[in-house]
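Undergrad: My structure is below; once you've seen it, I'll send some questions.
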């Protein structure tokens, strides 16, 4: 729509005005048209949306002014007369006008921009074209056509060139070649502070206990784990008594278990010389009493002749272990005789002893019963409803035990009619209260009732006490006090109660026939196998190879049915095996003849077509029918037949073997205290078994015995499996059928007895080893003895600290033990002679005490002659003792009878102490009142230096003793002693030591020798424990790996394969060889053994005892934490560990894991080590530092282990897979194995091929934890140190592992190269490259500088070392490494085991004058060889057992000088060049300075040569100089040749620390096989 403006025709504008109007009209027309379109569109769409004003569509023509249409509300028209200032024919509101104006302005800007572009772009294009085509060519043409002439002199030109070269050199030298100086600062890792979380309370007093019951609970721990009913039974009759200060109590008249609730009691014992009236001065020990007035007071009271044994404080027992055994076993018979009938020993009609306590017969036959004036705890009148009927097991009130003994014994009373007061449970013991004291007494009646009601609990308590009696009293007296004769006499005197001869009819021809079988088999085996024990073939063995529990049930039921159906029948049918023969055919293993000869009382045998019964009680044979057999006559020998030729069938031969087995079993059961007279007692035991604690032989599935059978190899232990199921099954059958428990036991054990032949000289039991079982001598003699050099064994001055075996159990002559010491000691050990103690004759039993108590043997038992024995495995004995408590009671009774008086008094004074983790035993500065011997656990002694710093004096594991020096010198404690974990101690009071010193001076001499040996060890090795004073960062972790007994394996976070890691570590332990073996524990093992309530509140006591027994049985226990972080088993692993291995994946996140947080929350002070698992044998530089940076609690170092692992967590107990999944997985495994060998993938990481399995990472870790690490110390000597590489190669070829490396100067360089990859090949290459750089004279010349501090800048030297190590840290090295330096700022020796490797290797190689000192945290470090060039003492302090020390230092010229009292320098110069001079050349100034610098190093070298366990090696490299690096190959060959010769010579001498099995050791192992029950 066009908008036109009407003008009058009369007015005609000029042309320019007309043009302007027209243009404006056009623009206005366009705007109007847009507005019209908007208006029409809005009207079309919606009239309501249109503006209130609009154009008039038909404006009438009027005057000259334009015609407008206004709305009434609009403002007046535009006042401006100019046409351009107001839009024609329209008027907009303010907002509309503003929009129009802004649009017009934008359009104006765009137009101007376009116009500018149209003007500028063409001009730019034009300029560019002209510049490139015209200007530049013109300028170049002009320049090239010019001729310039520069005139300079040579000086100016030289200066310019020098400036240019200097600039380039500076850039390359200081910006490109010194990258090593711009590495981020990584200082040495500061070793963590000692973790000390001790309790405020001390170990003797127990504050916070409010009543006597709490003190009773503390003292009752000696009984071990007690169930609630048993505990209530003991406590319900407990009585208390008040003692005023100074009151004495005659414990000899007390009967019961006494303990101190509150106060202090002194225990006195009668002196041996009490009866000597002519001697005076008997008084209490002044060394114990603090004042003489107290001694005088005691004398005035008439207590002369008594000596102070010990002082008993709160919660401690006044009774000894012996007293407890006496209370339990006071009415048990000592010996069961052969001709004692069961009817004569029946106690069913004997009244309870409580009803008649003063019976003369009772007092007579109960040696430990005492008439007590106070009858509060014993009813004087018979009471039927007070206590239940007395069990026959108590055997109380019976006149039978001694009256029916036809053979006089030494322990019998003279006359049974006169009542005689027997020996008390507290013989010759007197107690005196020092202060007002409250004591508690558990009367003897409580123990008798406990024996009747809970026989199994009683047996369990006795077993615990017997074990502690062995571990505390016997072991201490045997090895610590030197009372070997007294201890070993116990078992010797025990033989009079355990010796039972075989019946006469088993002598003569029967025995000869038995021997002939072994003779034939020995001839068949040959001389080599003849050194082993040969076991007689057991036909029932094939039955026992099946499931034991079902077969036991079948056997018991079959015996029962046989007894019911045919007591008097002839014989049962005989079942033959796969074939039969008509004679004794050695090698016939397939005979499975089943002889049904077990009845309720008799065993029937098929002999020559007749049925003969063997009476188990009397040992006589009677025929089933017909005329009497000659076998029934005692005088006739067995197997004597009529004159006609009688041929034995194979069945008859087996019957003879069965006769021997039955007779041997009868004798063994009598020796154990099980006879037909105890049938009712045993039945009572079975019936009460459910209410008693159930003990399981945890050793039954591990102790495997393999016999060399006369007819093949058999495994007698395959039969039993789980002893619990067998016990319960036989119990149920017995109780159901009413058959004699003894007979059922005999039936079960019939197949367990083995008849074994040992040739002369065979070792049946070895000292220090657990007894394999019980031996009954059929024919021959056994020799029991000890090595004669046992006392002289160097307990301390060996190459290692004393372990449990050294102090408590010196295992001298243990040929089977893999020794890690040198060959000389091994040869002396093999040549050690032995001293015979006594002989075991036919009918005697050996291994009685050790087999039942499961403790190590104090003696070794050998065959004096060719000997035939019956053998019952230890696991079977443990099962018998578990099911029949009378076995333990009988042993307890016999022990209390034969115990020497001296051992008894030691037992009274020795205190069994149990301390919790972190508890302080004594503080620094306390009075030395006792010696502590560690039975179980770990202690740490720390010294408070006063400035807030604490240092460790030592750690003490199982068998170590603490405090002898302080006790003997009566000095104060040098440090604070606290328990790292829950610990059991034997407290040896000073009062006992003083008492024994008066009556037994030999004990004082023994302990004096021990202290002297320790002092000599400290003097000879002053630096072994790291006592060399260095900087804090140079100190090694304060804990020690010596004598570790428990190791826990914990993951850092979930998903780490700790189970697989634990299994591999266990295998490595077994191959390395741990004394007494090693075992691993998982949660499943604990639950299988102790049940699902093992971690309950009550079950923890039982668990603690079980774990303590395991630690006693094995040399190392490995706890694998395979549960969640909050599981009880995880807490148990941490609490029981001497050392904790935190396993982490090296490529994982180094953040703190949840297991570590839990570990820190428990505040354990055990040693903690970090184990990083790598998929490949390579550690990235700086990776280890990331792991250790935030873990200051890692105080035991770290280990790099290569192990292939899965990224996803593998379940501990994987679910059973289907067959298809299993096959698929198997195929995938096979494919992966094939690809492993067919793929040609190039490894980018170093390859380490171990020539022997002992060089693996797990073996290295196992040796580290066992204290058997092999260390390599490399000395300094410049270029002569290249020989180190040859020696290392010789060590690798000899199969000697290297676990720790230490070096000085060039030794630190070579050692670091080898420790980085644990491979000699890359070390050789990098060392040769470095030698090439050092041999370059140009590099040396370019590095020269003004000799203010040194002749060179050290840059080329730094470059050569940095190119060898890069930015690797010492922590990244695969093997543990350290180097030493001399800190001239603080004048001390420092050791470095962390930080950049190149820096500290360079510092250790910094020769003064040639290279400037290295600045490290403000200190100047120089060559470590100035103080110690061969750091053997440092290596020894790290726990290395065997050390190879290679010395390549220069030898000083020691030619005597004679130039006089003054010296002219001119004469010295002339004399040096005078060939005719006879005087030696005096040293130069530099030589004097060098010798002065190495003065302390020479002394350290001499000490290193004499260090025990150090193998000193010095290759012949004296012909080479310090800087002869150009002769690399020659020096390397010299070292390699020397190493080969040295190791070959050492191998021939038997001194190599490797586990090689020579032919001699193989024969020795075969000879020693019987002691491990491998007969």
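From the backbone N, Cα and C atoms, a Cβ is placed for every residue, glycine too.
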Undergrad: Tell me which of 508-527, 528-547, 548-567, 568-587 corresponds to the region 'Disordered' entry in Swiss-Prot.
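TA: Among 508-527, 528-547, 548-567, 568-587, the range Swiss-Prot annotates as region 'Disordered' is 568-587.
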Undergrad: Name the residue range among 1298-1302, 1303-1307, 1308-1312 that Swiss-Prot annotates as motif 'GXSXG'.
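TA: In Swiss-Prot, the motif 'GXSXG' feature sits at 1303-1307.
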Undergrad: What does DSSP assign residue 752 (nucleoside 3',5'-cyclic phosphate 1 binding site), in three states?
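TA: In three-state terms, residue 752 (nucleoside 3',5'-cyclic phosphate 1 binding site) counts as coil.
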Undergrad: Take the Cβ of residue 782 (nucleoside 3',5'-cyclic phosphate 1 binding site) and count every other Cβ within 10 Å, whichever protein chain it belongs to.
TA: 26
Undergrad: What same-chain residues, at least 6 away in sequence, bring their CB to under 8 Å of the CB of residue 842 (nucleoside 3',5'-cyclic phosphate 1 binding site)?
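TA: Once residues fewer than 6 apart are set aside, residue 842 (nucleoside 3',5'-cyclic phosphate 1 binding site) is near 501, 502, 777, 778, 779, 780, 781.
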Undergrad: Provide, as an integer number of angstrom, the distance between the C-alpha atoms of residue 752 (nucleoside 3',5'-cyclic phosphate 1 binding site) and residue 1423 (active site, proton acceptor).
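TA: Taking the Cα atoms only, residue 752 (nucleoside 3',5'-cyclic phosphate 1 binding site) lies 70 Å from residue 1423 (active site, proton acceptor).
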Undergrad: Does anything in the same chain, at least 6 positions from residue 1423 (active site, proton acceptor), have a Cβ under 8 Å from its Cβ, and if so what?
TA: 1276, 1304, 1305, 1381, 1382, 1404, 1405, 1406, 1407, 1408
Undergrad: Could you break down the residues of the topological domain 'Lumenal' (121-151) into DSSP helix, strand and coil, giving a count for each?
TA: 24 helix, 0 strand, 7 coil
Undergrad: Starting from the Cβ of residue 767 (nucleoside 3',5'-cyclic phosphate 1 binding site), draw a 10 Å sphere and report how many other Cβ atoms land inside it.
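TA: Step by step: centre on the Cβ of residue 767 (nucleoside 3',5'-cyclic phosphate 1 binding site), count other Cβ atoms within 10 Å, giving 23.
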